[in-house]
């Protein structure tokens with residue numbers, strides 16, 4: 001959150017952005033800043049409690065599912081029907097149940113498909129091997145285990161398959177080997193496969209009922225909210241960089257820049273890919289239907305990580321031991337602060353557009369404004385710095401270059417958000 005404050009210098013007026021976690025505050029602003037500080041503290045506490053509440057709910061759901069499948073053992077009428085194979089239902093709940101509904105659904109379906117395919121091929125291999133006698137049986141089973149195991153493992157290492165179907169391929173390899181080398185007769189193998197598949201289906205049904213019907217945790221909601229919140233995080237980081245670069249106290253020196261949120265965005269790739277994968281398996285709920293363009297979220301996340309890396313480079317430039325004098329900073333101070341303010345507002349608007357699923361006027365308003373901002377920085381860097389030929393001028397030029405790179409990257413993000421609105425059919429504001 002930012003608080004605008006006007007500073008008068010002669011006849012000129014400039015706008016500076018004060019970050020919410022700053023230590024300095026004018027006496028007449030302290031009382032106004034307290035409500036905002038309390039709001040931020042309350043927001044962090046509520047966010048922490050929300051995550052804890054979700055973990056508690058998930059734990060209760062898992063416990064409930066385990067109790068339900070354990071009834072197959074505990075109740076004699078049910079145990080007489082399923083027998084010792086009830087253990088497969090319990091194993092299915094333990095292995096398949098995940099925090100997100102999409103993850104549970106994908107694991108359950110992949111486990112079922114892998115079990116059916118592996119069991120079917122295993123039965124076929126065992127029946128075929130029986131016709132070749134004792135020695136031929138060993139040769140056929142051994143060759144089959146080698147061929148299917150090697151081929152399945154090879155396909156398991158393909159990135160596109162490993163990302164989405166790795167669990168199903170693993171279950172296929174496990175089931176095929178257990179059935180093919182069991183040494184049982186064909187009729188017993190078919191009976192065993194039927195019983196185990198039935199119990200796996202019971203465990204999966206319990207998982208789906210408790211996961212989708214009792215306070216479901218949607219991976220799609222998490223990906224949607226995390227993507228939109230990244231825009232605000234990066235906007236705060238840019239504003240902090242502008243504040244630290246131009247507002248240097250003679251007593252305290254340059255303010256430190258908190259880049260933890262920026263680094264969190266930079267390291268969010270694996271989490272985004274997992275959430276997008278789980279989201280594809282989830283049923284229609286809320287505003288997210290089938291064939292929703294989750295790939296666009298991954299593309300926007302990639303652009304956000306590129307922007308985060310540039311912001312970290314800007315932070316390293318600002319905290320470098322070699323810093324320009326006030327004489328060099330003064331000509332670019334007002335323009336760069338306005339650019340930082342414009343970038344922060346633009347990023348927040350883009351994040352809000354995704355969060356509320358409403359299309360703005362990025363092509364009409366945002367892109368021309370960013371283009372004029374880039375042109376203004378280019379003219380400023382060429383006119384103000386060409387008179388200086390010192391190492392300090394090189395530091396200022398580096399700062400200006402990184403700021404122009406940020407403007408270019410925000411332009412790309414604005415286009416990506418516009419395309420997402422078109423593909424996902426966002427409503428106009």
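First residue shown is number 1, and so on along the chain.
Even glycines carry a Cβ here, placed using N, Cα and C.
Range 198-219 is the one annotated as transmembrane segment, of 22-43, 198-219 (source: TrEMBL).
Matching 167-186, 227-246 against TrEMBL, the residues noted as transmembrane segment span 167-186. Against the transmembrane segment (109-129), stretch 167-186 has more CB pairs under 8 A than any other of 56-74, 135-155, 167-186. Outside the transmembrane segment (135-155) by six or more residues, the chain places 121, 125-126, 128-129, 161, 169, 172-173, 176-177, 180-181 with a CB less than 8 A from a CB of the stretch.
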